[in-house]
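S.K.: I'd like to ask some things about the structure below.
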Amino acid sequence: MLRPVETPTREIKKLDGLWAFSLDRENCGIDQRWWESALQESRAIAVPGSFNDQFADADIRNYAGNVWYQREVFIPKGWAGQRIVLRFDAVTHYGKVWVNNQEVMEHQGGYTPFEADVTPYVIAGKSVRITVCVNNELNWQTIPPGMVITDENGKKKQSYFHDFFNYAGIHRSVMLYTTPNTWVDDITVVTHVAQDCNHASVDWQVVANGDVSVELRDADQQVVATGQGTSGTLQVVNPHLWQPGEGYLYELCVTAKSQTECDIYPLRVGIRSVAVKGEQFLINHKPFYFTGFGRHEDADLRGKGFDNVLMVHDHALMDWIGANSYRTSHYPYAEEMLDWADEHGIVVIDETAAVGFNLSLGIGFEAGNKPKELYSEEAVNGETQQAHLQAIKELIARDKNHPSVVMWSIANEPDTRPQGAREYFAPLAEATRKLDPTRPITCVNVMFCDAHTDTISDLFDVLCLNRYYGWYVQSGDLETAEKVLEKELLAWQEKLHQPIIITEYGVDTLAGLHSMYTDMWSEEYQCAWLDMYHRVFDRVSAVVGEQVWNFADFATSQGILRVGGNKKGIFTRDRKPKSAAFLLQKRWTGMNFGEKPQQGGKQ
């Protein structure tokens, strides 16, 4: 799915700003056809943004069910005769949309875009009413899963099995955009780089309802190569490669023409190669070592609402600390984030929202509502698998052309020990490879699924591990934790002979808490714990990356294990550094960029 851009043939009207907002406490909005008139008892709400924290009302913050958004929109007079499309970049977790009284689309899945051609339902030079019913409920057949229960007071309550707050609403931009009636509908680009990096090729495939031509232009807008037709290959001599740390981008200018119209779409292209060879992860045929974070789209007041200021500041902090990569834990991030990564040479592991496929973590289950078996008709079943496949399809369709995206992660921390795990994940791994044969794939492994009990890791190209020795187990005992961690990593290395990326490692740390004795929760313990992990990483040859959990403290559901959210951040939720930020900055900026440190750290 192409991201809307303004060109000589296309225009965009952003609908971000204040909308009318109403809770549907009685779940009567559909029956009463709320889209047919102005919302009653509404209040103003900011879009984009989660609805949960915009008001001083705990009932709204923890609300489960339907909410409604509405606003009047003027259609520019100059849009007459154009194709007009309404697009939502993300509605969490389900959205149904009306233009005036006409239902135009619905979408399940909270982190990927959806759109509809609304040309038949609008008139240029007049206003229309746009109404959206948003539902934030999760069940075992949604991605991510959850359960809706009713408490003793008859109030619905959303439980979920992932450790971050279930923010909901219209989280990203809403827009109208135009195209001519002859238009470019989709583009797929795949780049190949010769072993000596002195030659590259760019394969293109275009979906359009007109005659197609393409021009590849360099960053100075000089034409490098041209082609005709809906598919083909362009040759590039002495290409300027997209590299980690240097986001050089070409532009593939695609034109679709009919006898009376033409459409122009410029797609930014990074020429680079990605491959796994033995225990190495290769970018442009060179071994690459990941440094960085698992992150969250999470901020005070905004929740998961996209914010440009936060994006700029977070990337400034990542640049300062020496991070060269991150994972979109645990859902696809805003497209603006990937554009930034493309431009700045940041390497991204792109993940679906499949998190919480686990009965063993103790998250989200009330007494008596825990299924007996994870992979079963009452929990993760065939319908779940189809929803999961759809999430993979939408992720790849949106992000396939981003050079920063070097690997797909199809799930985070599923329990892969029980019967049924391999039967569930094997078809999804196969489907992901068919959808994109050009990138490695992974499924992030949870701590208790070790080399002896896991049943699926051989289905993937890279082993991504989340490990917390010295925190959840061997608590406070760094000497024992170091031995156990190294023993497990060596067991995986011997079993799979794959690259290993530690996609999560971290400890909860209260900013300002200090200890002469390196006690847990103190800033001193966070530093000592990270130092220990780094010694192990440097000794295990298959480890090709370290992504700390987490970049910043983030909101979670209430519970006795979480005091004001998850505190594993290297930065606080308002982006103040803890002591460990300076430890990481010294380690990561002291490395040769993208290269693994020399082995050392003898015990």
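Glycine too: its Cβ is placed from the backbone N, Cα and C atoms.
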S.K.: Which of GLU137, GLU383, GLU504, GLU595 shares the D-glucuronate site with ASP163, ASN412, ASN466, TYR472, TRP549, LYS568 per Swiss-Prot?
M.R.: GLU504
S.K.: Between ASP163, GLU504, which of the binding-site residues has its C-beta surrounded by the fewest other C-beta atoms within 10 Å?
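M.R.: Sparsest of the binding-site residues ASP163, GLU504 by Cβ contacts within 10 Å: ASP163.
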S.K.: Could you round the CA separation between TYR472 (D-glucuronate binding site) and GLU413 (active site, proton donor) to a whole angstrom and send it over?
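M.R.: Rounded to the nearest whole number, the Cα-Cα distance is 15 Å.
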S.K.: For D-glucuronate, with binders ASP163, ASN412, ASN466, TYR472, GLU504, TRP549, LYS568, what's the maximum Cα separation in whole Å?
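M.R.: Among the residues the record ties to D-glucuronate, max Cα distance equals 18 Å.
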S.K.: Enumerate same-chain residues with a sequence separation of six or more from ASN466 (D-glucuronate binding site) and a Cβ-Cβ distance below 8 A; give 'none' if the list is empty.
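M.R.: Listed in sequence order: ASN412, GLU413, VAL444, ASN445, VAL446, MET447, ILE502, THR503, GLU504, TYR505, TRP549.
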S.K.: So if I measure Cβ to Cβ from LYS568 (D-glucuronate binding site) and keep only same-chain residues at least 6 apart in sequence, which ones fall under 8 Å?
M.R.: GLY506, VAL507, ASP508, THR509, TRP549, ASN550, ASP553
S.K.: Could you find out if DSSP has TRP549 (D-glucuronate binding site) as helix, strand or coil?
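M.R.: It is in a strand.
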S.K.: Rank the binding-site residues TYR472, TRP549 by the number of other Cβ atoms within 10 Å of each Cβ and report the first-ranked residue.
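M.R.: By the 10 Å Cβ neighbour count, TRP549 comes out on top.
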